[in-house]
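A short write-up of the structure that comes next.
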Amino acid sequence: MFKAPHFNWYGRGFKLRAAITIACQMAFVLFGYDQGVFGGIVGNPDFLDTFHHPAPGLEGIIVSIYNLGCFTGCILAFFFCEKTGRRLAMWIAMVWIIVGAILQTTAYSVPHLMIARFITGIGTGIETSTVPMYQSELCEAEKRGRLVSSEPLFVGVGIEIAYWFDYGMSFTSGSIAWRLPIACQMIFAVVVIILVFGLPESPRYLYKHGRSEEALAILCDVYDSTPDDPKIAKENAEILEALKIEQEHGEYKWSQLLKKDKVQTGRRVLLAYGMQFMNQMGGINLVVYYITSVLQLNVGLDRNLSLLLGGVINLMFFIGSLFPTFFLDRIGRRKPMMWGSFGLGVSMMLISILLSFKNQGGSVAKSTASASTFFFTYMLIFGATANCIPWVYVPEILPLHVRAKGTAVGISANWIWNFFVVMITPTLLNNLEWKGYLIFMCLNFSFVPLVYFCYPETSNLTLEEIDWLFYEGNVVKRSIRIAKDGWEEGVGWDSAAHAPSPAVVESGSLSSKEMANVVEQNEKKTGRAV
């Protein structure tokens, strides 16, 4: 096990916690920049000349192979980053991104560019698999949901920076107009590398690898306290209890992920996968990656106006993401996902209808141009609903014994379907034009009943209470009733006659199999199923 160098630059307490958050959010700004930077350069004349005006199908592969690299990076992170630690994994991710950015910047052929984008994607995949986990392991429990749901907000910041930089560079000529925006990925990566030098390793990683004294010292630094402090002692005991349970039961194998057991492990893994599927198949990356081309080819605007509107449209992504950052725990998960999917479907329908008037002459040009208005609506709705919720829902819906592997499955769904959408979009919009948007309309409308009938409400429930939902009868109806009226007396944790210590319950460290045993014992005592 390699011990990465550490310098105590940020002191203790609030300053240290702020530095951890800033470093993680900067990593997600880089994530957003990487996703958005190609949107403004794929139509650049010098870019097209350099790569011999690739056909729509080849253009889709050039852009989408980045997402295939992200998928690969996610898998690599799962297998190797437990050995490297969180901090070293973040450094490794930044190195991949820097190498890929250098290769992209110096590319003069399509194979060169594709390999470079794949390498950059590997770094982004490792980054997105590591950073949220690192942040959640080094923040206070009552702030964890807020911080996780805010991360997509900073993806929006990165996308905006990329689009406006692309717009500014569009006024220059030559290869610098597209090579410089690509090269600037390295600036964000270098900043993250420098910030991480002053950050501590995750105490949970250290506990797992037998470095308990070092882990306890980090907990004391993060909370600016001593080992005798009740908060430190409680968290220390909870982590040790969670590790003990994991060692007793061992980790689930991949072949057991879809297992049908008392806590419905297989169903919950599929729900996690489906949530990230919905995040991507609503058409978001049609807009993020190709909005400039869409406004030029489908709407009929000139390139300068398309670039300008592309930046403003993606600003709606950021503005919409402010809503769940502050209100997600109040409004729940189900309602915004259903209303959001419905709103996204309506937006795609109206875009399709307005674009269908193109090339018919007369006054319809105004109607066609007005289609761009509904891209604003689409991005605002997506930012407020389907952008943040899947990233929060996936880890909380999964039981403890498969949370690591199940999260990897969920994130892999995000990247593989991202790759699929980005790859087919140029061909789809060139061949089908306005009809292509109807596909995404239908998908978004289909997500409404899917969420209504299959996805339980998890807002304001502890991880253990979510386990109880899946153990006790009709999950979706029960979750709605509990969200409205709370747990009925004698059900849930109150029904466990021999429940574990409060510290274990509150921490989320009780394994689902242990919980099921508690319920089973209680059923025998009471003579009824709870």
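Glycine too: its Cβ is placed from the backbone N, Cα and C atoms.
Marked as domain 'Major facilitator superfamily (MFS) profile' by TrEMBL: 20-459. Averaged across the domain 'Major facilitator superfamily (MFS) profile' (20-459), pLDDT for the predicted model comes to 83.
Remote same-chain residues near the transmembrane segment (63-81) are listed as 34, 38, 42, 89, 92-93, 96, 100, 114, 117-130, 289-290, 404-405, 408, 411-412, 415-416, 418-423, 426 (criterion: CB distance under 8 Å, separation of at least six residues from the stretch ends). Residues or ranges marked as transmembrane segment by TrEMBL: 63-81 (among others).
Sequence-distant contacts of the transmembrane segment (88-108) (same chain, at least 6 residues past either end, Cβ-Cβ under 8 Å): 2, 4, 27, 30, 34, 50, 69, 73, 77, 81, 115-124, 126-127, 130-131, 134, 179, 182-183, 185-186, 189-190, 192-193, 196. Among the features that TrEMBL reports, transmembrane segment is placed at 88-108 (among others).
Residues annotated as transmembrane segment in TrEMBL: 177-199 (among others).
The transmembrane segment annotation in TrEMBL covers 269-292 (among others).
TrEMBL lists 304-327 (among others) with the feature transmembrane segment.
The transmembrane segment annotation in TrEMBL covers 339-357 (among others).
Nonlocal intrachain contacts for the transmembrane segment (369-394), taken as residues 6+ away from its ends with a CB within less than 8 angstroms of a stretch CB, comprise 132, 145, 148-153, 156, 272, 275-276, 278-279, 282-284, 287, 291, 294-295, 298-301, 309, 312-314, 316-325, 328, 333, 336-337, 339-341, 343-344, 347-348, 350-351, 354-355, 406-407, 410-411, 414, 455, 458. Sequence annotations record features per position, and here TrEMBL assigns transmembrane segment to 369-394 (among others).
Residues annotated as transmembrane segment in TrEMBL: 406-425 (among others).
As annotated by TrEMBL, transmembrane segment applies to 437-455 (among others). Same-chain residues lying 6+ beyond the ends of the transmembrane segment (437-455) with a Cβ under 8 Å from its Cβ atoms: 271, 274-275, 278, 281-283, 286, 333-334, 337-338, 341-342, 344-345, 348-349, 351-352, 355, 393, 428, 476.
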